[in-house]
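> Let me give you the structure first, and then I'll get to my questions.
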Amino acid sequence: MSRTIKLLLIAASFFCLFFLPADFIPIANITIEQQRVLAIFLMATLLWVSEAVPAYATSLLILGLLSITVSNTSPYFLREALSPEDMLNYKEILSSLAAPVVVLFLGGFFIAIAATKYKLDINLARVLLKPIGSDYKKVMLGLMGITAFFSMFMSNTATTAMMLTLLTPLLANVDTTDNGVKGIILAVPIAANIGGIGTPIGTPPNAIAFRYLTGEHAITFGEWMLFAIPMAIALIMIAWVLLRKLYPGNIKELAVKIECTFERSPKAWLVYATTAATVLLWTTSSIHGVNSYTVALLPVIVFSLSGIIDTNDIKKINWDVLWLIAGGIALGYALEKSGLARAIVQTIPFDTMGTFVVLFLMAVVSMVMATFMSNTATANLLMPIAVSVATVLSGLENYGGISLMVICVALSASMGMSLPISTPPNALAHATGMVASRDFIKTGKFISTLGVVLIFSVITLLGVAGYF
């Protein structure tokens with residue numbers, strides 16, 4: 001189907017639902033505001049799934065449509081049908097572009113760009129890989145561990161690109177038709193996808209979930225790492241064993257040689273110190289009292305004032321990711337403030353199902369959606385619904401309530417990795433030409449399933465133990 005036809009069908013769906021008589025919508029007592037938000041929600045879903053336009057463009061469209069159709073700055077002819085109390089605050093909609101979560105991710109991007117510019121990332125890889133030796137199995141595990149570690153603080157995509165670049169010369173003298181080559185190529189994106197769950201800035205779904213973890217549901221940066229990193233380590237070990245079983249090659253040794261040294265210029269030292277200080281402050285916020293969002297401003301300010309990050313570097317920031325998150329925040333605000341999320345949830349008898357059955361189903365839905373579309377888009381669409389589901393499950397409150405639900409959904413979104421299109425790291429690995437689509441399905445179906453089961457089990461046990 002051509003892009004034009006997709007856009008026409010999506011536009012037709014939007015306008016049909018926007019102007020459809022409320023009696024034909026299977027949501028009891030739906031208001032005009034809720035109907036308009038529902039039309040925007042449907043349009044966003046179709047655009048994100050079909051990829052008829054870039055994902056960030058959909059987010060910007062969400063901001064525009066919410067401001068024009070359901071806010072207190074809507075045109076008069078659209079505002080007439082809304083009561084003053086039903087209108088959304090346009091300032092709340094537009095402030096999503098500078099939401100604390102967006103600033104948190106911006107800080108992570110500044111660290112990643114500075115680390116790459118002053119070769120901190122590749123030097124850390126050299127230091128960490130050096131003691132591993134040349135045994136193929138150990139090299140694979142080492143690459144996975146380092147990739148996962150970098151993915152906790154850097155873009156999964158940038159990490160994968162860097163590690164695949166390092167891996168290419170290692171495979172120069174190896175038979176590329178050997179199954180072991182497929183195994184070690186797949187190890188990189190899998191580790192990047194898994195490693196992202198380790199911190200709130202590791203992947204956008206985590207940051208989106210972090211937005212809901214405030215007030216009585218608040219979790220610090222360090223507390224997230226305490227439960228997420230052990231899960232990431234366990235999943236890395238599972239994936240390592242699985243890859244060796246699925247791709248038993250004849251490669252015995254793989255020489256690791258990275259020719260690089262740490263820079264010793266004043267700016268390089270400032271990058272090292274600022275990065276270390278930021279990570280330390282993130283992990284100890286419960287001690288010093290400064291939240292993670294404010295700490296994220298440290299690298300932004302220091303690197304900007306010192307000239308470490310210049311105008312050209314600013315252009316390298318993944319603004320599309322920040323806009324994608326912002327659009328999701330605005331959509332979540334609209335779903336909550338309009339009451340649509342709760343109205344949708346009330347049409348399904350969740351309260352008649354088992355509490356943990358619903359939790360597991362939400363985790364599975366998150367993983368499946370993220371397999372076929374961006375995990376960020378998945379979190380944007382699913383998180384407001386998940387929060388409303390958590391509020392109607394009275395039994396869940398005893399085990400962490402909203403915290404339990406949003407964390408489970410966010411982490412499960414990172415388990416959608418069974419197709420080359422599932423994540424950018426998968427796409428990069430597929431672009432090497434050394435792995436086929438069937439290889440992603442072959443490994444992804446096991447890792448995705450085991451990952452969701454592990455995440456559900458661990459998060460549930462932590463909830464029962466009163467961690468959240």
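The backbone N, Cα and C atoms fix where each Cβ goes, glycine too.
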> Which one of these stretches, 24-44, 45-65, 402-422, shows up in TrEMBL as transmembrane segment?
402-422
> For the transmembrane segment (402-422), give me same-chain residues lying six or more residues beyond its boundaries with a C-beta closer than 8 angstroms to one of its C-beta atoms, as numbers and ranges.
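Counting only partners 6 or more residues beyond its ends, the transmembrane segment (402-422) has Cβ contacts under 8 Å with 189-190, 193-194, 196-197, 203, 205-206, 208-209, 212-213, 217, 219, 228, 231, 359, 362-364, 366-372, 375, 378-379, 382-383, 386-387, 389-391, 396, 429-430, 437, 440-441, 444-445, 447-448, 451-452, 455-456, 459-460, 463, 468.
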> Taking all residues of the domain 'Citrate transporter-like' (46-394) together, what is their mean pLDDT?
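Taking every residue of the domain 'Citrate transporter-like' (46-394) together, the mean pLDDT is 87.
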> When you scan the chain for residues with a C-beta under 8 Å from the transmembrane segment (317-335), skipping those not six or more beyond its ends, what do you find?
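Sequence-distant neighbours of the transmembrane segment (317-335): 37, 40-41, 44, 54-56, 58-63, 66, 70, 88, 92-94, 96-97, 99, 101-102, 105-106, 109-110, 113, 155, 204, 207-208, 211, 341, 374, 376-377, 379-381, 383-385, 388.
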> Out of 98-118, 139-164, 224-247, 355-372, which stretch touches the transmembrane segment (443-467) the most, going by CB pairs under 8 Å?
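That would be 224-247.
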> Is the count of Cβ pairs under 8 Å between the transmembrane segment (224-247) and the transmembrane segment (139-164), pairs 6 or more apart in sequence, 3 or more?
yes
